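Chemist: Here it is: the structure, laid out below.
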Amino acid sequence: MKLFITSLCFWLSWASPALYARPLTVFAASSLTNAMNEVAAAYQKESNTKVISSYAASSALARQIASGAPADIYIAANHRWMDYLSEQRSVNNASIKPLLQNSLALIASNFTGTQPVTLKSLPSKLNNDYLAIADPDHVPAGIYTKQALQSLQLWESLKLKLARGQNVRSTLLLVERGETPYGIVYRTDAIQSQHSRIISLIPESLHQPISYPIALVANHQPEALQLYNFLFSPQARAIFTRYGFIMSEEIKADAQ
């Protein structure tokens, strides 16, 4: 019996700590779903540390973190909700950095005809239909979209013709299902869609830069720092780029 206990203690002391480590939890904007799943899988393979990713609107995730939801890393789709968590002292301010950039695209459902459409022609093209956008009151993709439409002086003529999605993924789904003929989503979501097509990219000059800041949550596990650093690695950058994301200028400078 003593020999068994001694052997067990030796095995436990020798076994990899990763076997007992709590999974690392990442809260990320829904537009990062596919790319982040692949990045997390690559990190798990390299580190033997499980990563659990939760995706939703940046606003919803920020409120959950502020309410004490267990998370280690937060990636938002704009600075508004990162600033909110910073003010709440819910993230490590020193760890806040720009990670990625994105752009907007006007898309059409595959159920919609191929007649020429532009942003400026949308009010006359919609007739009794609606334009799908993410909720402009709190979802980053919707906030950027509203800015673009306001810049083109289209907001007033379109604001009553909007189908609002809870996040950018649900917005894309409205178009893919043919529930709305047109929508505005992130370019990265549009290029992955099998049931919609890109009509045009929206000039970045029409809205604030679409930036994805990242931060360690205030009560993160120590092991989260390794994953945080991995997200800036060449391996992770290659995955993000393949999904259409743009490297932030700061990352580009570090890579040179």
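Using the three backbone atoms N, Cα and C, a Cβ is placed for every residue, glycine included.
These figures come from a predicted structure and were not determined experimentally.
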Chemist: According to TrEMBL, SER31, SER58, ALA141, VAL168 bind molybdate; so which of TYR84, TYR186, TYR212 is the extra one listed there?
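Modeler: Among TYR84, TYR186, TYR212, only TYR186 appears alongside SER31, SER58, ALA141, VAL168 as molybdate-binding in TrEMBL.
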Chemist: How many neighbouring Cβ atoms, not counting its own, are there within 10 Å of the Cβ of ALA141 (molybdate binding site)?
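Modeler: Result for ALA141 (molybdate binding site): 31 neighbouring Cβ atoms inside 10 Å.
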Chemist: Within 10 angstroms of the C-beta of VAL168 (molybdate binding site), what count of other C-beta atoms is obtained when all protein chains are considered?
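Modeler: Excluding its own Cβ, the number within 10 Å is 35.
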Chemist: What does DSSP assign TYR186 (molybdate binding site), in three states?
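Modeler: In the DSSP reduction, TYR186 (molybdate binding site) maps to strand.
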Chemist: Beyond the listed site residues SER31, SER58, ALA141, VAL168, TYR186, identify every same-chain residue whose Cβ lies within 8 Å of the center of their Cβ atoms for the molybdate site.
Modeler: ALA29, SER30, ALA57, ALA77, ASN102, ALA134, VAL139, PRO140, ASN167, ARG169, VAL185, ASP189
